[in-house]
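The feature domain 'HPt' is assigned by TrEMBL to 38-137. What TrEMBL lists as phosphohistidine is His79.
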Amino acid sequence: MDLSLLQRTYSDLLSSLFTEGILNQQFTELQQLQDENNPGFVYEVVSLFFDDAGRLINELGSNLNQQVVDYKKIDAHVHQLKGSSASIGAQRIRNVCQGFRDYCEANDPQGCFSCMQQLNQEFLTFKSKLETLFKVEQQIVASGGSVPMIQ
């Protein structure tokens with residue numbers, strides 16, 4: 001694929017992530033921390049988020065399926081996920097976590113299950129879209145180009 005087309009594809013993908021509310025300005029700030037000394041910084045940080053969030057979501061699912069649900073424990077996991085999602089700009093995941101915490105505080109099992117389903121969906125969407133973005137980024141770099149940034 002032509003380098004300029006790859007760069008335009010990347011810009012369009014990134015713009016759509018902001019337009020859809022999947023990412024917020026924090027992701028742009030994360031990108032600004034990346035430089036020639038650490039060209040894979042954003043990829044590494046987001047990959048760590050994928051691993052950590054996946055683990056937390058699995059633990060949340062297990063905790064919600066217990067005979068006696070420990071809402072304080074669930075809230076602690078959701079709080080951790082909310083913080084890590086906020087730190088990389090995963091806006092929709094952060095938003096779901098906020099609502100999830102409200103249901104934990106109210107000891108509301110139906111609300112928690114609903115948020116758990118929404119959290120799973122948002123995480124899968126986020127991961128899929130960011131993986132696509134990173135693949136295009138890798139193609140740009142392999143073609144000798146620079147990755148465009150949104151201001």
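Just so you know, glycine gets a Cβ as well, placed from its N, Cα and C.
Just so you know, the Cβ of His79 (phosphohistidine) picks up 15 other Cβ atoms within 10 Å once every protein chain is counted. Mapped onto DSSP helix, strand and coil, the domain 'HPt' (38-137) counts 86 helix, 2 strand, 12 coil.
Mean pLDDT for the domain 'HPt' (38-137) in this predicted model: 96.
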